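Undergrad: One structure is given below, represented as structure tokens, and several questions about it will come after.
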């Protein structure tokens, strides 16, 4: 334990610390500003879905869970910025806050992937309903839809549990005595001293593990999103051509799908690209990010990563015409000349929801 403590105190120190106080101060204000905007963006989706009673709709629930995760993540970013004061000496608090942040952003990765998967399975169900009169393997799809949100929450907890336990056992939070202690993720020193020990320690292993699981979940998410959007595009062409006619409105929807194929992964990469570069360089060649390049990526990361809640609410929520019009699409007997039987309502609602999924993609 003492050996690890001695090595930790020599690692990740800045020189001279006071020269970079302005950099950390800039990052703090960027992080807090973008976190507040993300809170407003994610909160707007949550409030709209709750007040319009849309949370239980199968195409809205994934977006609601993603927005809820984005809201919690933005709150943690905001807390990190508020804790960035010279008088704050709770180093363990900052370390554990970073673990919470890592758990939340990995959960947001999985919820993003789950959202895109739900869009694809909805379109797939519509295709088989058109061919056979009923969706293919509806029971299995329904079970996967229930299991997806649970796994999206549990997997990040399981992946970050070793970081929490080992980090507190070996007191890795002594690294947070430096002025960047509570800011963002991957907050290694801007400059390393010549006395920094390259010796492999428990804390350095934990740091590399954190970066590895971040890179792994990032790649899984962006590759999965690209695959599902590509499959959705080809599936939509099959849905339309099965009717024997491919009109102008179908081409418009197909072009919309193609734009979404680019937009969804691009928005995700925009949020986490700088963090991806920082993590990769810190794993492969840490010397590269010392100095001005590290500062630039660090400031850029504060702008993009903390803006995820704002960007997601625009890309997946308010820019979607179908999402904005869902409040008026509920089944009401009073508005029909031929009232629906109570037993027919679930089937009608399911068909109406599936038929509108192409507008929601």
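Using N, Cα and C of the backbone, Cβ positions are placed for all residues, glycine too.
Residues or ranges marked as transmembrane segment by Swiss-Prot: 29-49, 64-84, 103-123, 147-167, 210-230, 261-281, 295-315.
Where in this structure would I find these features, and how exposed are they?
TA: Outside the transmembrane segment (29-49), and at least 6 residues removed from its termini, the chain residues within Cβ reach (under 8 Å) are 55, 60, 63-64, 67-68, 70-71, 73-75, 77-78, 80-82, 183-184, 299, 302-303, 306-314, 317-318.
Proximity of distant same-chain residues to the transmembrane segment (64-84), defined by a Cβ-Cβ separation under 8 Å and at least 6 residues beyond the stretch ends, is recorded for 24, 28-29, 31-32, 34-36, 38-39, 41-43, 45-46, 49, 54-55, 90, 93-94, 97-98, 100-101, 104-105, 107-108, 111-112, 114-115, 149, 152, 179, 181-184, 305-306, 308-309, 312-313, 316-317.
Residues 102, 105-106, 109-110, 112-113, 116-117, 119-120, 156, 159-160, 163, 185-186, 257, 260-261, 264-265, 268-269, 272, 275-276, 279-280, 282-283 of the same chain lie 6+ residues outside the transmembrane segment (210-230) yet bring a C-beta within less than 8 angstroms of a C-beta in it.
Remote same-chain partners of the transmembrane segment (261-281), defined as residues 6 or more beyond its termini with a Cβ less than 8 Å from a stretch Cβ, comprise 105, 112, 116, 185-186, 211, 214-215, 218, 221-222, 225-226, 229-230, 232-233, 288-289, 294, 297-298, 300-301, 304-305, 307-308, 311-312, 315-316.
Within its own chain, the transmembrane segment (295-315) is flanked in space by residues 20, 23, 26-27, 30-31, 34-35, 37-42, 44-45, 66-67, 70-71, 73-74, 77, 105, 108, 112, 183-187, 190, 263-264, 267, 270-275, 277-278, 289, which lie at least six positions past its ends and keep a Cβ under 8 Å from the stretch.
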Undergrad: Six or more residues out from either end of the transmembrane segment (147-167), which same-chain residues have a Cβ under 8 Å from its Cβ atoms?
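TA: Counting only partners 6 or more residues beyond its ends, the transmembrane segment (147-167) has Cβ contacts under 8 Å with 61-62, 65, 95-96, 99, 102-104, 106-107, 110-111, 113-114, 117-118, 173, 202-203, 206, 209-210, 213, 217.
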